[in-house]
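Since the structure comes first, as structure tokens, the remarks are kept for the end.
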Amino acid sequence: MSGFALFINRPVATSLLALAITLVGLLGLRLLPVAPLPQVDFPVIMVSASLPGASAETMAASVAMPLERALGRIAGVNEMTSSSSLGTTRIILQFNLDRNIDGAARDVQAALNAAQSLLPSGMPSRPSYRKANPSDAPIAILTLTSAQYSQGDLYDLASTRLAQKIAQINGVGDVSVSGSSLPAVRIDLNPDALFNQGTSLDTVRQAIASANVRRPLGAVADDGRRWQVQSNDALMTAQEYRPLIIRYRDGAPLRLQDVARISDGVEDVRNAGMSNGQPAILIMIRRSADANIIETVDRLRSDLPALQALLPGGVSLDIAQDRTPTIRASLREVEQSLAIAIALVILVVFLFLRSARATLIPAVTVPVSLIGTCAAIYLCGFSLNNLSLMALTIASGFVVDDAIVVLENIARHIEDGLSPHRAALAGVREVGFTVFSISLSLAAVFIPLLFMGGIPGRLFHEFAITLSASIAISLLIALTLTPMMCARLLRPRHTDGGMRPTALRRLSALLQRGYALSLNWTLDHARWVLLTLLAVIGLNIWLYISIPKTFFPQQDTGRLMGFIQADQSISFQAMRGKLQDFMHIVRADPDVDNVTGFTGGTRVNSGMMFIALKPLGERKQDAQQVIARLRTRLSHEPGANLFLMAVQDIRAGGRQGNASYQYTLLSDDLAVLRHWEPQVRKALAALPQLTDVSTDQQDKGTEMLLTYDRPAMARLGIKVSEVNTLLSNAFGQRQISTLYQPLNQYHVVMEVDPRYAQDERALDKMFIINQAGQPIPLSGFASWLPANAPLSVNHQGLSAAATISFNLPPGGSLSDASDAIAHAMTALGTPPSLRGTFAGTALLFQQAQSSQLLLILAAIATVYIVLGILYESYIHPLTILSTLPSAGVGALLALMLFNAPFSLIALIGIMLLIGLVKKNAILLVDFALTAEREQHLSARDAIYQACLLRFRPILMTTLAALFGALPLAFSYGDGAELRQPLGITIVGGLLVSQILTLYTTPVVYLYMEKLRARFSRQKALPPLAY
């Protein structure tokens, strides 16, 4: 008894095998996590260091460079960028995809420890790190609002009570709080009153620090009791500081309230946050690199009542924005496409076989194969995401192929007079090797994908494993369950309750007769057909060169990020007004649902906005159209620019640019970089292939440059360090004392009252008390002039860097933009000391584009090797592969027709076509070789008979695969921009391939047979058989 007979004769065992596959698949489906895409995030660690009051250039030289030299030695770092601004340095380390984030964090900590001795001694704390990418869009934004509490109090609640609890949620990588700063006692000094009293700013500082000292005072005890000694040595509120005596003058006390305004405020008054136009504290939550967005947000939502319980009455905690609704909607759309695809595939089978009994067989085998695949997805540690669901949708079109080939062949034997049982045995034996060849060669396409690295490799890997698993399960079902069901369900036509001859059946017969006549003509004019095939190959090359290319389709996630960039000399008050104006304009758009934003911190000329659009079904336009509309309205706002970009699921690089793509200029000479960056930016801004061109080069800030008269200072008894201390006390929002509270530590902040520090004339009011006790005005030993100074200094690697960000205009492609940038750089004639390189997603595109052709050739070579092994022939694998050029032309023409650029998703479609379209040739070649060997027919008669005999199954399998891809090609709704390129590629490729290969494959077969006969007198060994 053969293996096929075993399954046909034991229906219970075969049915239970299928049931077991289904149950295991359902269990896997239930346990599968849900995500927008496969896990493709680079491990990223952010290092932060601070030195209050230090300029951007000082931070870059004394803090960033020592840290970069130490961190650059860590294994697996593929990109290191840093940004230094007033008092802070931030270094972003991006690691290789295969680097474990926890191991990388240990290496980072070791490098920070090694670099500690090289850092300035005045740093208030050691550098710290976080395992999160600051350039990622938050997965959720919480807002804290209240009519009873101040912004400082709300910030305190958020940072003290909420941030730590949220950070403990599994999957959360970083929690940042914006919109204000911690509460503080603020001392705003009156320089005129101090001068009149002959009291220096440092005297005030020392008096405050001495009055607020908390030290352990010990305990007293007798034989039976013990008392802890405590005192009121700490001053905690503004009210307690006001009567503080600074000094005595002529026997009279000088109190703090006599020379300063004391209030309960915040540490940094130059921060503002808003939500929908109202003041709010923003809690931005980013996930860790390996976390699942949906699971993380679900945990956050479940913990929300407990978080609200930590807050006092009158404080509202709300989720202002959440990225998961559009992700869930996108997955629902793919699930609907999958259901439609399965229904269409089964309809194709019904229309061709015209039998409800026959249609029931693929109606069972297709779901079993697809459900069983879910178990494989779970065992491999993957998720249920857009790509894996698209893979299942496409699989619905070709897992039915195996069942169709077996079913159609068995049905043909029944029509020829065999009993269903004998027809099942004969039919499955006859096509078993063919089905095996189709499945194995289809799976072979994905072998090169498993060796790809980077983000494309991660995407392809999961897609390839999913499809390979579906192919393997489909093959098993086709050779076991399908023949068993055929033996039990199929009946001869005269006893079957199937449909009688219909117009469709007559049309099918007419098509077959027409094909027979046209095939004869084609074989008589084989040379012209061969020339046509060569022309198709040339057309492939031209189309691939001509088609616009991009890395990944622009997604509409329903979320936009806005970056406000104002004049580098703008004040905080003016910047806050710009933020309010921009938020008002954006909120007025009919497609916008929610807007949050903040400004302040070390870069007072910038701000950030997070915009949630209405659900796709409730708005009239997609994200890119909304951006274009807002860009027009926002262009009339003077003094600042708002750059908008749609949040994407795939983003690389740690630098937070103003747009989706980056081009970085590098130089070891900062002067060269600063000279050429404006010229390069101007040239790129003039390119029509780019839009929203901006730069992170902030070197036009205004400063007052002081020049000390050192001989005069020596004569007056004044030290440079004393002058620097004076200026820090006056203008640096200096934290001069610490307030220790049960839940947090706060500070006393001292500076000159902002009313006396609005312009450069504030320096005229500064004075210092020399060693002789005389008040000496600053102008007595120093002069100053306005000058330009960098607000930030950026590095990449160990070189000075300036990153130019850009978006693409509507209909633009990344390949056109890349070519235009390359030509512009060549035309500028930049010096060798200035290097230009793409960064982030644009760099990934460059890397992926260089390997695309190699990947396609590797897949073709793998298929050739597998087919050569199966058929023991060097020649006929070429016959089978001759079907590929027509599929490529169809796919590329379809993409161009629908104005879709060639992306990674389209490349996945091309790889699928390599596996799909060759099955037609396999069916023909396999039957032709068998007819030559067993019936001793000539090559022409054998291929002619094979074409007519396999016309119906070829038509059925191609239409099944085509109809399986149609729901993707014509999909709409959330996530359609991901599904459409895949569906368009497959539908276009299958259509053109189906038309051409029915004629080119027989011609190529004849030429290959002539070639084989010429070079070998011996007949090729027969292929492997069961």
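Positions of Cβ are set from backbone N, Cα and C atoms, glycine also.
Small disclaimer: the values here were computed from a predicted structure and weren't measured.
According to Swiss-Prot, the protein has these features:
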TRANSMEM  16-36  transmembrane segment
TRANSMEM  333-353  transmembrane segment
TRANSMEM  360-380  transmembrane segment
TRANSMEM  387-407  transmembrane segment
TRANSMEM  435-455  transmembrane segment
TRANSMEM  459-479  transmembrane segment
TRANSMEM  528-548  transmembrane segment
TRANSMEM  853-873  transmembrane segment
TRANSMEM  897-917  transmembrane segment
TRANSMEM  953-973  transmembrane segment
TRANSMEM  984-1004  transmembrane segment
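Contact counts against the transmembrane segment (953-973), taken as Cβ pairs under 8 Å, peak for 387-407 among the stretches 387-407, 459-479, 853-873, 984-1004. Under the criterion of 3 or more C-beta pairs below 8 Å, with sequence separation of 6 or more, the transmembrane segment (360-380) and the transmembrane segment (435-455) do not qualify as touching, having fewer than 3 such pairs.
Taking pairs at least six residues apart, the transmembrane segment (897-917) and the transmembrane segment (16-36) share fewer than three Cβ pairs below 8 Å and do not count as touching. Fewer than three CB pairs closer than 8 A are found between the transmembrane segment (853-873) and the transmembrane segment (459-479), and contact between the two stretches is not assigned (pairs 6 or more residues apart). Highest Cβ contact count with the transmembrane segment (459-479) among the listed stretches 387-407, 528-548, 984-1004 falls to 387-407 (criterion: pairs under 8 Å). Against the transmembrane segment (984-1004), stretch 528-548 shows more Cβ pairs under 8 Å than any other of 16-36, 387-407, 528-548.
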